Amino acid sequence: MKKLNAFSKNKYSQWATAYLFLLPAFVLWLIWFCMPVLQSFGLSFFKYNYVMSNDNHFVGFENYVNIFKDKEFLNAFVHSITIVVFAVPIQTFLSLMMALLINMKFRGRGVFRTIFYSPYVISPIAVATVFMYLFTEDQPIVKFFTLFGLENTSWAVSVRYALPLVIMMYIWQQCGFYMIMFLSGLQTISPEIMEAAEIDGANKIQTFWHVTFPVLRPTTFLVITYGVITSFQVFDQISAIAGQGILGAPGNALSTLVTYFYLNAFKYGEIGYGSAAAVILFILIFLATLLQKKFLDKDV
Amino acid sequence: MRTFGKIIVGIVLVIFAVAFLFPLFYTVYNSLLPDQYVGSLVSPKYFTLDNFETIFLNYPVGQWFLNTIIVTVCCVVGNVVVNCMAGYALSRFEFPGRNGIFLVVLGSMMIPFQFILTPVYIRLADLKWNDHLIALIVPFLFSCLYIFMARQFFISIPKDLDEAARVDGLGYAGIFFRIILPNAGPLLTSIAILCFTGNWNSYLAPSTFMVTRENFTLAVGVKTVRDLMYVRMNLILCGVVILSVPILIVFLLLQKHFVEGVAASGIKG
């Protein structure tokens, strides 16, 4: 039964108000989101060049066929997957650890929380620039890594080390954000449950596994989903490392699905072809999200 | 054993803190060094602001700063108003299509911005808006993520508040602007911070839409200077400081509300 309240006195005036409140968002969404989305799908079936527009015509699935024939696309695909596969588990693990540490009641925890979060608010361009200088030949950090058998070289210009450098700076920047998400998840655990577990003689690891972790499941799902979606989209750092060179430099070591799309659409002007690449990126993100929903989110 | 555990925790925390703070110190330290001392450890008495002077004199940094502030402020104000109104409607009113609209909001959150970059660029070019600041404002005045956050937050505010205001004779708009919004502090600050950092640091859209140097935002400008002058590390890190310090200050001022906001507004799901 519906409760009578201030909002059910007059049905039609309520409808009108609701639509009025939604109108600004709806208009903006329609013009700057919905129509572009449809256009992107549509353009992917055309040969479309914005500058030389006399040769624009429908080509069906030709763009998609050509993309899958392109070795550069495969290369970009592998790099994108590499970033996701390394960045997401590492940042999820680190941010969970940071959240668990901060969640312990000690003086000054607020300071640590602020320190851990602050990289997230800084521009990726700034972060990439600093990391490039830090990982230059003969710098202390590079020398430190030579202890583990790595070369003493400038990472950003090395075909072998550029991708690990991007993954590292990306994780460094993102951890704090996911830590906050885990922290707010941890705050939903009532102290009574923890006490009860302690009285029952559970040790720290058992408590974590049987009490903390189940409560954090929805948060973990969100952290991983969001992590996959965003790490597929890394762009600024790669653009910073390329500098004035071609996006994806050094020597295509950093080409990803996003740079592949960007180069084709904006540098070579092949908007139709680029849109097809963007559609593939979208489908991948969509599939990844569905997969996670199936495996991680069974009972939510 | 307990003290041993505490020491381990302390060490881990300090290692993390150093890993997070070192790049920040390195940046500020080097930005203050004159050319001849770059890369070496010297006493603070050699520190100089010459690099800041050089960068301000040779590049339109002031203009970039102004552009970034205009874009950011417009987007923050617009996003707060537009998305809170939509979120409020979805949380409070019963109307046909409500669930459908909410599903559309959720679905839109999954589509990456890159996916719509080209059509948006084409539309801006058709409107002759590209290379104008308006191109960085109008398409970015709403966000399905913030609508979702607003809806979750308003659901948690009891309807009694609205009813009391209704009894006092306020209309729907009055209730929203005079009662609901002033009581939505954590929501407003989290949207404001997310939107502020997002726009301040935004690079993909401004670098694509802006052509003339004077129309750049700070992030694009600093990137351009960096590409040209990469070997002058102290100068470039100066640019990094100019780009990063304002946003860090804003964050430090608002961070307490922000962390509450994340917890309150249901980003956590």
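Every residue gets a Cβ built from N, Cα and C, even glycine.
Unlike curated entries, TrEMBL annotations are predicted automatically.
As written in TrEMBL, here are the features:
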TRANSMEM  B:7-29  transmembrane segment
TRANSMEM  B:64-89  transmembrane segment
DOMAIN    B:65-254  domain 'ABC transmembrane type-1'
TRANSMEM  B:101-122  transmembrane segment
TRANSMEM  B:134-154  transmembrane segment
TRANSMEM  B:175-200  transmembrane segment
TRANSMEM  B:233-254  transmembrane segment
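Annotation: stretch B:134-154 has the most Cβ pairs under 8 Å to the transmembrane segment (B:64-89), among B:7-29, B:101-122, B:134-154, B:175-200, B:233-254. Contact between the transmembrane segment (B:233-254) and the transmembrane segment (B:134-154) is absent: fewer than three CB pairs lie under 8 Å, with pairs separated by 6 or more positions in sequence. Packing against the transmembrane segment (B:175-200) from elsewhere in the chain are residues 68, 71-72, 75-76, 79-80, 83-85, 88, 136, 140, 143, 145-146, 149-150, 153-154, 157, 161-162, 165-166, 218-219, 246-247, 250-251, 254, 257-258, 260-262, 264-265, 267: each is 6 or more residues past its ends and has a CB under 8 Å from a CB in it.
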